Amino acid sequence: MSKDEIKDKKRKSEEYEVVDKKKHKKDKKDKKEKKDKKEKKLKKDKKDKKDKKETKSESESNEDNESVASVSTSSTVDGYTENADLLKVPQSEIDEFFTTNEVAVEDESKLNLRPLLSFSHISLDSRIQAEISKFPKPTPIQAVSWPYLLAGKDVIGVAETGSGKTFAFGVPAINNILTKSGSKPGKNGIQVLIISPTRELASQIYDNLVILTDKVGLECCCVYGGVPKDEQRTQLKRSQVVVATPGRLLDLIQEGAANLSNVNYLVLDEADRMLEKGFEEDIKNIIRETKSTGRQTLMFTATWPKEVRELASTFMNSPIKVSIGNTDELSANKRITQIVEVIDPFKKERKLLELLKKYQSGSKKDDKVLIFALYKKEAARVERNLNYNGYKVSAIHGDLSQQQRTNALDEFKTGRSSILLATDVAARGLDIPNVKTVINLTFPLTVEDYVHRIGRTGRAGKTGTAHTLFTEQEKHLAGSLVNVLNGAGQPVPEELKKFGTHTKKKEHSAYGAFYKDVDMTKKAKKITFD
């Protein structure tokens, strides 16, 4: 082999070697890239799998949360949990309850809480539970309002007197203290304040609530005028629940004897009556002394007239309105038989003696009869006349001391006296059991008061009779009375129709017969009382 051939062979060999190296290098690079690509793909697949798993887990978690939230929306509201057995009650049964009891609920927040058809549907302090369970079942106003009150909502309760309103606001009030104060409920001073228009009604509310407060170790006191203040000052210092009339309470506030800064549960009972008696400014001044935030406010009353709505809108926060029966239009209890007799005014007292013989003869001799006069002087005269004719009569009117009025009510309630003679001071709110007959000796100044008077009978599902003596002097009220009689399906005497059926709109002393309609769905404006 020539030298050139050897050289050429060596050159080619070197070229092949370079090519091999390049190829090897390329193969190595390709292999590395392939490996990297595979690793990237594995990482991506792994990541995708992980993300998919997390997404699925999150989705399942969200579904679970939505499911829980759905249950929570229907069963738990602001600390109030609907009972499991209550949730199982068919909707048809709930609808029947609302229809049968003529229940209407205005609730802009759409909570739709179910009424408590049984005491077993509510969870309270065991001592309270034991006390209320002595009754067969909650009354309609209790059944519907308790869930909203236990959920901390402001509530307007409108129902006829004798419907269980005192326990409707009283049971949640006392449970509220026990829940918020724990083992030391007495450390926070006055926490529940109930304002009532009259001394008699305040005393009645106190008598009902003290049964509960005694059971759970709370102090309750009743504050009203006509008696010395010394004992009331002492009681206010140690009480957690206070029932009061506006005038006396304001006096004690101004003296520094009543500290309302911890009141978180405020009740206005018979609010319309308090406005009629001119207590609006007193009420505002009292409210100013309570907590401005975190206060639960309630109105419980037999009627809900337009003149009260504006007041409610100033200090209630999106209230739930619970109405039992027809409350926007004046209506009488349909369980009461109404008899209206048109008579000469000079023959009324002789007629009264005839009626007492009729309603208290034979087996009815001990039946309770409540007689209404219009003025205290008239009441005093009629009382003397009845005593002269051999009747044992108890009386309540403005010329009597508070102690005399309290004794008279006690005699009538316990049966030591079967006749109670009263002016309209006793017409509103008083719970006098088993009154068989109401006699209106003199017709009241308004038909509203007539409805409240006759509402002293036919209470708590019972029947009763109201016998009214109507004279030409009241003919301007004939039209309104006819409407009430027709609304309750009662007969209207021809003599009454002769006075005409025109209805005069009720007038306010300041605003006349023109009221502003108030939209209660609007949120209350926050105001500061100066």
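Cβ atoms are placed via backbone N, Cα and C, with glycine included.
Here Swiss-Prot flags 1-77 as region 'Disordered'.
For 19-58, the entry in Swiss-Prot reads coiled coil.
Marked as compositional bias 'Low complexity' by Swiss-Prot: 67-77.
Under the heading motif 'Q motif', Swiss-Prot lists 117-143. Model confidence over the motif 'Q motif' (117-143) stands at 93, taken as the mean pLDDT rounded to a whole number.
For 146-322, the entry in Swiss-Prot reads domain 'Helicase ATP-binding'.
Sequence annotations record features per position, and here Swiss-Prot assigns ATP binding site to A159, E160, T161, G162, S163, G164, K165, T166. According to its DSSP assignment, K165 (ATP binding site) is helical.
Same-chain residues lying 6+ beyond the ends of the motif 'Q motif' (117-143) with a Cβ under 8 Å from its Cβ atoms: 81, 83, 85-86, 89, 93, 97, 101, 103, 150, 157, 159, 163-165, 167-168, 171, 174-175, 178, 211-212, 215-216, 300, 322, 324. DSSP gives E160 (ATP binding site) a coil state; it is part of no helix or strand.
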